[in-house]
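K.L.:
Got a structure here, written out as structure tokens. Questions coming.
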Amino acid sequence: MNSCFVTLAILFVWRVEEMAEACSCSPAHPQQAFCSSDVVIRAKVVGEEEVDAGNDIYGNPIKRIKYDIKQIKMFKGPTQDIDAIYTAPSSAVCGVTLETNGKKEYLITGKLEADGTMHVTLCDFIEPWEDMSATQKKSLTQRYETGCDCKITRCTSIPCMINSPTECLWTDWVIEKVYNGEQAKHFACIKRNDDSCAWYRGSAPPKKDFLDIEDP
């Protein structure tokens, strides 16, 4: 009986550790990804290699995937160009898989480490450039930054509501059952003259006192 209990306990601990290692991310609107990231770039991936990244607390080697990239444009980040990004070796620990033939362009968001290297995970917003809408591309330089003081609240079920005038309610999931819906593709949550926040659609600069929804 005791040995059976010990076996079950070991299996339970193993299962908990396995679950803890699984990658889990909350969906983010592209504007949220832009505002929360240290670096936002457009780039091509031209190479890949596995590299050592020190040891864990048990002395085991830590592996990382290093992607060599050719930066096309930086929308947010340091003064120097980024020539490589680092990620975990598997999706189970939030590692990212990218095409390395140098043909596909990506929008890549990520964190800048103290040593100046850029690290990315599955929780970052990484999208093929060709799959992005015209509004999303334009907002990288003209729109998202103006709304970084606003809060985008994700609505997962009805009813849902905002608690502050500085919030925008993101309803793509309850309306379209996808997170990359109309609001993600075509809207930005930006601050108005009275310091409240509202959804704005279009690539043209907003009027002095714009409506909550305005066609381009």
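Just so it is clear, glycine is given a Cβ too, placed from its N, Cα and C backbone atoms.
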K.L.:
Among Cys123, Cys148, Cys150, which cysteine is annotated in TrEMBL as forming a disulphide with Cys197?
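P.N.:
Matching partner in the record: Cys150.
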K.L.:
Between Cys160, Cys168, which residue forms the disulfide that TrEMBL gives for Cys189?
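P.N.:
So the cysteine paired with Cys189 in TrEMBL is Cys168.
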K.L.:
Just checking the disulfide-bonded residues Cys25, Cys123, Cys150, Cys155, Cys160: which sit within 10 A of Cys94 (disulfide bond), CA to CA?
P.N.:
Cys25, Cys123
K.L.:
Roughly how many Å separate the Cα of Cys197 (disulfide bond) from that of Cys189 (disulfide bond), to the nearest whole number?
P.N.:
6
K.L.:
Want to know which disulfide-bonded residues, from Cys35, Cys123, Cys168, are within 10 Å of Cys23 (disulfide bond) at Cα; which are they?
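P.N.:
For Cys23 (disulfide bond), the disulfide-bonded residues whose Cα atoms are within 10 Å come to Cys123.
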K.L.:
Counting other Cβ atoms within 10 Å of each residue's Cβ, which of the disulfide-bonded residues Cys35, Cys150, Cys160, Cys168, Cys189 comes out lowest?
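P.N.:
Selected from the disulfide-bonded residues Cys35, Cys150, Cys160, Cys168, Cys189 on minimum Cβ neighbours within 10 Å: Cys160.
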K.L.:
As a quick check of your reading of DSSP, tell me how many residues in the domain 'NTR' (23-148) are helical, how many are strand and how many are coil.
P.N.:
26 helix, 50 strand, 50 coil
K.L.:
Nearest by CA distance to Cys189 (disulfide bond): which of the disulfide-bonded residues is it, out of Cys25, Cys35, Cys150, Cys155, Cys160?
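P.N.:
So, of the listed disulfide-bonded residues, the one sitting closest to Cys189 (disulfide bond) is Cys150.
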